[in-house]
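Database features (TrEMBL):
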- 36-130: domain 'Cytochrome c' (DOMAIN)
- 208-241: repeat 'TPR' (REPEAT)
- 1-22: signal peptide (SIGNAL)
Amino acid sequence: MRSMFPLLGLLALVGPATVAQGQVSDEAVPDSVTPERVLAGSNTFNSGTCVFCHAIAGRGSGRWAPDLSDAEWLHSEGDFNGIFRTIYWGVEEDEFRAMTPRRFEMHPQGGMSVDWEQTKELAAYVWTIGHPGTHPLVAAQSRFLELVRAGEVDRALDLFHRMQRDDPEHLLLPERSLNRLGYEFMPERAEIAQRIFQLNVELFPDSWNVYDSLAESYMVQGDREKAIELYEKSLELNPQNENGLEKLRELGAR
């Protein structure tokens, strides 16, 4: 076991609410849970299939998105080795039924093609989800999602940009998760979705999909000209974007 006290200075960026929520302290951390593994595991988790069942940053709720900060879904005592075994070998539906009446199963490695080390990275990240005060990225992810879902988008984006400024090599969340987050607010709160999609455009200007999503948020809000402009940009990057072509026809631009 080792201390992650040097990281706690970075955690100050996240803000007092998360410090309280994450119980930031000089907490003993398993030797296998290195900062490098947590960062790599976060990218794999939030860019891969994990988000479909556990939601962004493992903070799911409901039948198809169990929250990994809840020990029930770790299928172990929450120790690193138990989490690693669960990810590596998977969990059959009958085993889940012993814990919960809900019907689930988890494929080995989450159905992804990950090797032994990548599985350790995922396990390190999942362990940290339950101990967010031990890593600034995980604490910031939790706080960012909390702020966005509370409608405090200005504060959320400020946090995102501050974390990016202080650690430019590691994004708080990757493209896929930001896109997924935006769609949580579509169509009822498209104005929030628009700001998340706009962030994605700024971060990934060469991705056709981010323009497609941003265009949809403008279309839902009735801004025809902006929607057309963005769908055209998406098609410029990917002429095979059938959704973009269909939407342009709906908008009378093709």
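Our numbering is plain: 1 for the first residue shown, then up by one each step along the chain.
Note that Cβ sites are derived from N, Cα and C of the backbone, with glycine treated the same way.
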Rounded mean pLDDT for the residues that make up the domain 'Cytochrome c' (36-130): 77
For the repeat 'TPR' (208-241), residues assigned helix / strand / coil by DSSP: 27 helix, 0 strand, 7 coil
